[in-house]
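Engineer: Copying in the features that TrEMBL gives for the protein in this structure:
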type	residues	note
DOMAIN	34-142	domain 'TonB-dependent receptor plug'
DOMAIN	244-651	domain 'TonB-dependent receptor-like beta-barrel'
MOTIF	672-689	motif 'TonB C-terminal box'
């Protein structure tokens with residue numbers, strides 16, 4: 001499914017507006033038309049990112065109701081696909097795996113979207129375990145992020161240079177970006193740099209604590225022609241974001257997030273008996289978050305100030321090989337994609353504390369603290385997919401499979417009882433089977449079945465910490481891998497003026513991992529018990545739903561878009577609803593796209609969310625949220641080499657609270673802090689020279 005407001009390029013004065021042909025790679029790890037993919041895929045292009053004036057990963061899919069986001073600019077950001085998010089979603093950027101998210105037993109401390117969206121060519125989201133080619137651990141889906149190559153910026157010219165300025169009133173963010181590319185004899189090179197500076201995204205009442213952030217990013221590529229038609233690509237991708245918050249002298253936080261990647265890609269386009277084309281990649285990605293905190297507190301012995309030095313570090317080293325081969329046998333054609341992936345993860349969570357009493361006594365001097373001991377993880381996989389077409393037949397068969405082996409072991413650490421931390425070694429076979437049938441009307445129907453498999457992530461398997469005397473998170477050496485089976489059926493249609501799609505899906509998860517209260521014990525505080533939590537396997541979880549989108553050009557200038565998504569799910573053992581899901585939602589837009597300018601209004605609607613877990617004596621009632629509607633306006637104008645884009649969001653200044661921001665909280669929880677910003681305006685000015 002294309003994002004509900006994905007647009008055709010604004011045509012030249014002589015051109016007739018038509019629906020764009022969209023090319024994706026998530027279906028087969030090679031380029032193919034969106035209509036040829038079995039399964040729902042959301043796509044957002046660089047052009048749409050500019051037209052929406054999107055400034056972060058959470059903004060990019062704001063008009064796709066099947067994808068929800070957490071976090072805002074300056075905060076950890078993640079995506080949730082049909083109610084499944086976190087580390088159950090695989091993120092791929094230019095072929096490289098991105099760092100894991102880390103929640104630490106609560107909200108996300110480390111996100112997945114450490115990138116600048118001005119350096120994105122296209123983002124694709126394949127939903128559920130529909131693309132095991134990228135890894136069977138993507139139970140919720142796969143997010144594939146592509147950045148531009150030198151050829152994309154040059155666009156047939158010898159050189160390119162561009163400048164971007166922007167401002168976002170939602171958080172007073174100011175941004176500056178530059179892109180440049182040059183063609184040389186036998187090679188092309190490009191560089192993109194961007195800088196941002198802003199403040200917190202406030203709630204509707206503007207009552208949240210403030211913070212400042214700034215980010216810098218650099219993307220550089222050098223493509224060298226080798227032999228007749230081969231290419232060697234060297235890439236450097238760097239992103240840094242710092243966040244500072246000072247509420248008082250004894251309540252301060254300074255966070256520094258840095259991600260740097262180096263990769264070498266080789267593309268061979270000479271055919272031989274093994275393959276028609278081959279791709280190799282070697283890469284290393286290094287992510288590190290440092291968090292320096294000052295916190296005041298008190299204990300039975302008196303007041304104190306803590307100086308915390310926390311970090312999360314993850315290095316990923318990977319290698320890829322992929323080949324394509326076309327075989328024709330009588331009336332059958334096989335388009336084969338096959339290869340292997342190997343990834344090594346080295347993850348650490350060092351935490352140190354210095355505590356100084358009110359009288360100046362050093363109670364703790366840079367003492368290590370527990371969280372999880374870190375881990376080394378190997379992911380290796382072999383994959384194969386065969387897209388089979390039959391002569392004089394409207395039917396296409398897709399057969400795929402992936403064989404993965406996982407090894408994870410905790411790092412030795414004297415803070416932990418290593419007997420409670422089990423090594424994990426698993427092998428999984430994940431098949432995929434799909435069929436596409438093209439009816440005489442041009443409508444394509446598809447049916448797809450896919451399986452997924454994921455070992456417990458390091459932080460869930462080895463988490464062991466807490467805040468005494470209130471709670472503790474205990475490791476679970478018996479934690480089992482999760483597995484999924486997904487079935488999806490749908491219809492697609494596309495011609496010059498219209499594109500629509502409908503998909504219905506059903507996903508069944510075994511050994512779904514969630515937190516649970518496993519015990520309690522008395523403390524030295526009268527009436528206060530130490531609650532013990534643990535990650536445990538739920539027997540079975542089911543998620544099902546449907547989504548639809550429709551785009552139609554009314555004439556050469558006016559276009560309508562609409563999209564909607566519904567999802568429900570429950571714990572099969574208890575019959576209780578899941579708190580990771582979102583209510584029925586959708587949007588409708590009407591736009592005018594002229595020769596030099598465009599404008600469109602987008603009406604967003606979200607239904608009441610009352611499908612929540614039942615109340616119990618232990619938990620009480622869970623929060624529900626009312627429905628709401630908001631109205632946005634997107635506009636833009638181009639003149640010569642200049643382009644101006646404007647986004648006016650929530651122009652009616654509606655007060656609303658998205659369910660995903662309060663899901664699982666008690667019914668009596670005040671929701672003001674979770675309300676979304678009121679009316680805001682964002683602008684972007686671009687110039688190419």
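Any Cβ shown, glycine's included, is placed from N, Cα and C.
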Engineer: Quickly jot the same-chain residues contacting the motif 'TonB C-terminal box' (672-689) by Cβ under 8 Å, restricted to those at least six beyond its ends, or write none.
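Structural biologist: Contacts of the motif 'TonB C-terminal box' (672-689) (Cβ under 8 Å, skipping residues fewer than 6 from its ends): 50, 53, 55, 160-170, 201-205, 207-208, 641-658, 661-662.
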Engineer: Which residue counts does DSSP yield for the motif 'TonB C-terminal box' (672-689) in the helix, strand and coil classes, in that order?
Structural biologist: 3 helix, 9 strand, 6 coil
Engineer: Over the span of the domain 'TonB-dependent receptor plug' (34-142), count residues by DSSP class, listing helix, strand and coil in order.
Structural biologist: 23 helix, 31 strand, 55 coil
